[in-house]
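> Please read through the structure below; I'll follow up with questions.
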């Protein structure tokens, strides 16, 4: 859609933030009906699908890739704060919707405040999407897609998986928080690593993910191994994500469009299929399946010709 019909500009970015606030109001009036509530979710998801790639490309255009993590970590900190606060006060849908609405409004305010000055200062350079090609780097896109499929079991069934093997719900919540803490630490200190080959970092982080899911499969009832597995979130998400968006940013001249496809193909399509397939494979072999999918993602990376790295 964005390649042919809608260019991701500053005005479109602002409109997406406004639509995200509007969709929260729709949540209030459609919460008791399935189809109306589904439509509200589609609008909200579409709005986020526009604003996130824009801000990623915007930040990378202003900061060196080694500094990106120190900006991105605030999103992780915000996630931890929301989880901790809502965990204490969330006892009705209205409280959750009010919190979401307030967050969406603040995102609108600060999103405009952070980007308006540069928009006024210099005219946006229009991206020519005619030369954009997924097939040129098909092995990369296949790998990104498979990698997010492999996260399906973790994002959707990790809590159920661990509690079914004897770990308490409280301990599992600590595991989630520990993983995000490791993510924040990596985002802060990863700068020097990003001066190395980004493709090599992506391969390394993908292999780490294979090991991570294998640990959960082999030691499902071990608290120690669960924490060890969560510590690898620093590599399989934080380092991986930064390396990927930096790599894509430099591969393509159509910066925002490339980030849009990354969000859509990997997190959108890959995440959806990952969630559905994880439900199908849930059981003893869930994380064995996830580790095999992550390994397929690694094998796909081997098909990338090293000469592509010269564009970075």
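Backbone N, Cα and C atoms are what each Cβ position is placed from, and that goes for glycine too.
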> Name the residue range among 122-138, 173-189 that TrEMBL annotates as transmembrane segment.
173-189
> Tally Cβ pairs under 8 Å between the transmembrane segment (139-161) and each listed stretch (12-31, 96-119, 173-189, 231-249, 287-304), then give the stretch with the top tally.
287-304
